[in-house]
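Read through the structure below, which is laid out as structure tokens, and then see the notes.
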Amino acid sequence: MSELIQNVKTSFEQVLGYAPSHIIQAPGRVNLIGEHTDYNDGFVLPCAINYQTVVAAAKREDNLVRVVSVDYGNAVDEFDITQAITFQQDKMWANYIRGVVKCLLARGYAFTGADISVSGNVPQGAGLSSSAALEVVIGQTFKVLFNLEISQAEIALNGQQAENEFVGCNCGIMDQMISAEGRENHAMLLDCRSLETESVSMPEEMAVVIINSNKKRGLVDSEYNTRRQQCEEAARIFGVKALRDVTIEQFNEKVAELDEMVAKRARHVITENDRTVEAAQALRAHDMKRMGELMAESHASMRDDFEITVKEIDTLVEIVKEVIGDQGGVRMTGGGFGGCIVALVPPALVDDVKATVAAKYQAATGLKESIYVCQAKDGAGLVEML
């Protein structure tokens, strides 16, 4: 993170002409288990990772917000918080920031303008929530600069609202919540209905290894929407608000009445919720053998029932599983049809995993992977006052 801090300080001073007063960060995240459960009111188990979005900031006495994006060649966006805050067609990055500020104002928070320089190293397009980290770090920045009485959960909800209503992207609450509330060496069990969270301790030395298949993700939106509709149809047949409310026993009694495809989709969600709650218990007990079994079951369910994995992802999972055996776990993470796998790997095996993947993945698929070796880290907060 030190390089990011240096970059935002330097760009702040160069472009805005004076020194910032605060450095704030918010992390990306990876979901360890609980896939496609969020929009079914279920459970997820993400952790924050040591890839962050960092801000250098200072408050202004007037109503102007000026933002410098280091990652877009020090491009600048500027808006007045007393005027209508509008969507910028030609500066997509700026809309996340505008949306967060607009939503904070709509929620009744009072503040003046600010100068902000922002940079991040959360890999974009890998499904590690670079957009949520940006939304949360901006909310955190206004909290810190103006001593706003806003909880971390509300910073997360505000970020989600900005993405849904201002940016126009329909996301669940997981990404923002873990970025805002993460804890070092802990995962977070999140109930996507009540928004209750529970910290789950992880074995301290355990590496969180994320491997991007670099398989271009096609069909994601249309397939995602289809899955969502199938889940809603299943909930309707069971007469419940969401699949969260169906037990596996109830499912088995009624499975004959369901369309075969809808039954497979529902079975994934219902069993995945049970797995996620049990995974939190296994992780807390540092029972990596059980955690690994649950992650393997999750992957098989995504592959066979939810049908969102692809050959490249299945290949990666098999390669990693060979190396870690029952000392850790591995599965696809994220929306599917490409993207990343996540593995919990004992530190002694990290180099083996990297070497084996390098030796086998490209040979099998023609694609070169990207590997990120992470630790579970703290959520958003003040890094330093200058």
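Using the three backbone atoms N, Cα and C, a Cβ is placed for every residue, glycine included.
Swiss-Prot has this to say about the protein:
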ACT_SITE  ASP175  active site, proton acceptor
BINDING   GLU35, HIS36, THR37, ASP38, TYR224  substrate binding site
BINDING   SER69, GLY125, ALA126, GLY127, LEU128, SER129, SER130, SER131  ATP binding site
BINDING   SER131, GLU163  Mg(2+) binding site
SITE      ARG29  site 'Transition state stabilizer'
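When the C-alpha distances from LEU128 (ATP binding site) to the recorded positions GLU35, HIS36, ASP175 are tabulated, the minimum falls on ASP175. The binding-site residues shown are ALA126, GLY127, SER130; of these, the one with its CA atom nearest the CA of ASP38 (substrate binding site) is GLY127. When the Cα atoms are compared, SER130 (ATP binding site) and GLU163 (Mg(2+) binding site) turn out to be 12 Å apart. The Cα of SER129 (ATP binding site) lies closest to that of ASP175, out of the recorded positions GLU163, ASP175, TYR224. If you count neighbouring Cβ atoms within 10 Å for each of the recorded positions GLU35, ASP38, GLU163, ASP175, the highest count belongs to ASP175.
According to its DSSP assignment, SER131 (ATP binding site) is helical. DSSP assigns SER69 (ATP binding site) to a strand in the three-state reduction.
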